[in-house]
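Before any comments, here is the structure.
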Amino acid sequence: MTMAGGRRGLVAPQNTFLENIVRRSNDTNFVLGNAQIVDWPIVYSNDGFCKLSGYHRAEVMQKSSACSFMYGELTDKDTVEKVRQTFENYEMNSFEILMYKKNRTPVWFFVKIAPIRNEQDKVVLFLCTFSDITAFKQPIEDDSCKGWGKFARLTRALTSSRGVLQQLAPSVQKGENVHKHSRLAEVLQLGSDILPQYKQEAPKTPPHIILHYCVFKTTWDWIILILTFYTAILVPYNVSFKTRQNNVAWLVVDSIVDVIFLVDIVLNFHTTFVGPAGEVISDPKLIRMNYLKTWFVIDLLSCLPYDVINAFENVDEVSAFMGDPGKIGFADQIPPPLEGRESQGISSLFSSLKVVRLLRLGRVARKLDHYIEYGAAVLVLLVCVFGLAAHWMACIWYSIGDYEIFDEDTKTIRNNSWLYQLALDIGTPYQFNGSGSGKWEGGPSKNSVYISSLYFTMTSLTSVGFGNIAPSTDIEKIFAVAIMMIGSLLYATIFGNVTTIFQQMYANTNRYHEMLNSVRDFLKLYQVPKGLSERVMDYIVSTWSMSRGIDTEKVLQICPKDMRADICVHLNRKVFKEHPAFRLASDGCLRALAMEFQTVHCAPGDLIYHAGESVDSLCFVVSGSLEVIQDDEVVAILGKGDVFGDVFWKEATLAQSCANVRALTYCDLHVIKRDALQKVLEFYTAFSHSFSRNLILTYNLRKRIVFRKISDVKREEEERMKRKNEAPLILPPDHPVRRLFQRFRQQKEARLAAERGGRDLDDLDVEKGNALTDHTSANHSLVKASVVTVRESPATPVSFQAATTSTVSDHAKLHAPGSECLGPKAVSCDPAKRKGWARFKDACGKGEDWNKVSKAESMETLPERTKAPGEATLKKTDSCDSGITKSDLRLDNVGETRSPQDRSPILAEVKHSFYPIPEQTLQATVLEVKYELKEDIKALNAKMTSIEKQLSEILRILMSRGSAQSPQETGEISRPQSPESDRDIFGAS
């Protein structure tokens, strides 16, 4: 039984590009390439190309659409360049090129390249067709081939190129010398009609084709339904009561009805219908063939204009022997002439042929499934059928009475007829007019007779039978028996078992509508977007039309295990027959695999795999087409016979999908889970080897394709050219950026000058520098350790000036190996040259400046120290920063052997070689560093406490002296003119 969705068909938008190409290119070998990825990789190849080239589909996937993998030493380089230019310029072109098959056999191909556009008029694919023209390129006449060898070669060439010759034959005229190159290119030229767009679109109907579910056709069907009931009621009435023989008005009405039914026949030749798989058939040829095989003959017989044919007959003589048109008339006792009897017989024949119009009820039968899914409509139709049967039997009951009331032998009225008894009961008896017309007159009227007939048939069909109208003659009794038999059957079937009929006939319909209502309520409750809602509804309708509401799992559970396995093998027979991986499987192995397979139906737009999702299934495409999308680009198009997923039998881990797999059309997939497949392969070891060797995935979702988009390459090229053509940036001399760089350059030059001065001072201070030079040079190829030394004088109590001078000269005089005295914006290392505010600032800021020294600055002069190790030696003394420097040294040199020189400050400037040491020695070294670090931290805390006391003493002296001075002097002390002021504040005081 067809559901509402099945009656309408599957009308969701779908991408039928691949199906259109395959259907229109039955004898063409072609590949499809992505036009938006570098090298235009192949995303689909048909079976013809695989047979022609010798490659498997999985082997050519992701290779260049230019088929560079088929080039060889004899391939023309100029033609290859032209092919590349055609791809780059998105042009349509054709070439003749020599390529090589997989077995390296050279073959001449005629290649046609055509761009495919999407709904945005953007080229997204390339269609490349290949035709073997080797027979036309190789000369038949060859000196090496003579006699039968030449004939065999000619026969082989003609046989291999029979399809091309059949195309060329109609266009070749006798006596013409046709150029093979141009003629072949012209014949194999693809027109624009064979290049559909790559986009999703609703099913299109050709011109002059009407959709069977459109508003116009629905309205027309209702009109036909009403006229069909009109015909079913009036045709039996007119035939039985012999009315409208000469009534022109009714003749015109019946003729109009006949014309409408003839128009309906014409429309049926141009109306779509739903195919067995739920698809909408819009091909005009298929529509016509389907209608001619089904309802055409019946519709044609029911539409013949019998009234018009009967009107052209000579019925004037017949009317002279008929009674009053308003009453029931009978023939005169005088027999009519022979011509009148012949005319009356012909007229009665055509009047009886009107009954053929009842075949129009077939139109109701074919559309009955449109309405019987609703309970109220079914009840109304059943009541109408019962009433229509009573109407037909009433007409037959009157015809029997009209035939029985007149005795042909005695030319008298039979008083045992039910019409005679009815005439007596209602007071209108029959009378013979002997003086006038000489006919029988009187009797009941037409309306009274019809109502009485309908009353009798109704009481008989319902088995009531009041008995006021009863059969008297033998024919009437036989018909009464037939009425009672038919009535009992109709009554018991229609009225006695209505509930049972509904439960048995419409159980699936009720479940279907219950499911639809539940889905609609769910979508409405959670406010699912309209687009997604339509996809859900379309999927449910399409799935129901495919399964007809049958629960496959429930049916299989009823069957025993052996029978269930046989059914599963039958359901998956397409997968087992089409793929060579299952050819060596035993019956037991196939049955085990079939039990694990699942059939999945996908609607257009459904995502089978999302990027990043676990690939836990192996999918076989049985029907439909899908696309594989990676980074918003189509990298493969999968069709019937393709396999995608992951090679579970070779990988130990569960893979993540690197792309999205989306259905383009309605698809049927046969899916087997990873665990189930591995379980079967582990049990059937022999089959597992054959399976892993012969099963080739069309697309492996585990592997990610690395590609570059042409748009990205072009954008990078444009940016590079733009930077190349840009004018250089010219800054004026007084620009802030230029001034900033000049300042950095000056500071760097000053720092380098200070380094050179510091090295000269260090050479004078080091006592054993020259003695150690030779020892250091001897070991310069090994690992070196440099130690940062700091000078510091013993801490002694001094006065304010002495403390200040000592702090500037000793505490803040920190040296890095081979570097200058560190300080903010230091130009000279001699603190005696600074005055006033600058001297006080240096005294307070030296500790912070040492922490700001970066490791990169300390390592800048490392190559120079390596070349002249004796120039950068410094003395190691105790200071507040020595602990930190010492700890850094130890941590940097963890794992190296410590020598006595490392522990002695005197030999710190000597560079030593270090070698790997055992783990225990390393642990001892780390512990020693830890203890030394603790001691250094304690010394640092003591020194910080001493510094705080000195600072508090300085603040106390400043406050005491500030209170004795005037406000003008106080302001001068608190706000000096500049850091480099020559005025010595402390000296002035």
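Glycine too: its Cβ is placed from the backbone N, Cα and C atoms.
Among the features that Swiss-Prot reports, domain 'PAS' is placed at 14-94.
Residues or ranges marked as domain 'PAC' by Swiss-Prot on the basis of sequence analysis: 93-145. Taking DSSP states H, G and I as helix and E and B as strand, the domain 'PAC' (93-145) has 4 helix, 30 strand, 19 coil.
The transmembrane segment annotation in Swiss-Prot covers 221-241 (among others) and is backed by similarity to another entry.
If you look up Swiss-Prot, you'll see 242-248 (among others) marked as topological domain 'Extracellular'.
Per Swiss-Prot, the feature transmembrane segment maps to 249-269 (among others). Using a Cβ-Cβ cut-off under 8 Å and counting only residues 6 or more beyond its ends in the same chain, the transmembrane segment (249-269) has close neighbours at 210, 217, 220, 223-224, 227, 230-231, 243, 287-288, 291, 295-296, 299-300, 302-305, 307-308, 311, 360, 363.
Sequence annotations record features per position, and here Swiss-Prot assigns transmembrane segment to 291-309 (among others).
The annotation topological domain 'Extracellular' is assigned in Swiss-Prot to 310-345 (among others) on the grounds of similarity to another entry.
Per Swiss-Prot, transmembrane segment is recorded for 346-368 (among others), and the stated evidence type is similarity to another entry.
Residues or ranges marked as transmembrane segment in Swiss-Prot: 378-399 (among others).
Under the heading topological domain 'Extracellular', Swiss-Prot lists 400-448 (among others).
Feature annotation from Swiss-Prot assigns N-linked glycosylation site to N415 (among others); the stated evidence is sequence analysis. Neighbour list (N415 (N-linked glycosylation site), Cβ cut-off 8 Å, at least 6 residues apart, same chain): empty.
Summarising the annotation, Swiss-Prot assigns N-linked glycosylation site to N433 (among others) and lists sequence analysis as the type of evidence.
The intramembrane segment annotation in Swiss-Prot covers 449-470.
What Swiss-Prot records for 463-468 is motif 'Selectivity filter', and it gives similarity to another entry as the kind of evidence. When DSSP labels each residue, the motif 'Selectivity filter' (463-468) comes out as 0 helix, 0 strand, 6 coil, counted as helix, strand and coil in that order.
Helix, strand and coil counts from DSSP across the topological domain 'Extracellular' (471-477) read 4 helix, 0 strand, 3 coil. Residues or ranges marked as topological domain 'Extracellular' by Swiss-Prot: 471-477 (among others).
The transmembrane segment feature in Swiss-Prot is assigned to 478-498 (among others).
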For the topological domain 'Extracellular' (400-448), mean pLDDT (0 to 100): 78
Same-chain residues near the transmembrane segment (478-498), Cβ under 8 Å, at least 6 residues beyond its ends: 379, 382-383, 385-386, 389, 393, 396-397, 400, 457, 460-463, 465, 471
DSSP helix/strand/coil residue counts for the topological domain 'Extracellular' (400-448): 17 helix, 10 strand, 22 coil
Positions on the same chain near the topological domain 'Extracellular' (471-477), where near means CB under 8 A and six or more residues out: 397, 400-401, 403-404, 414, 416-418, 421
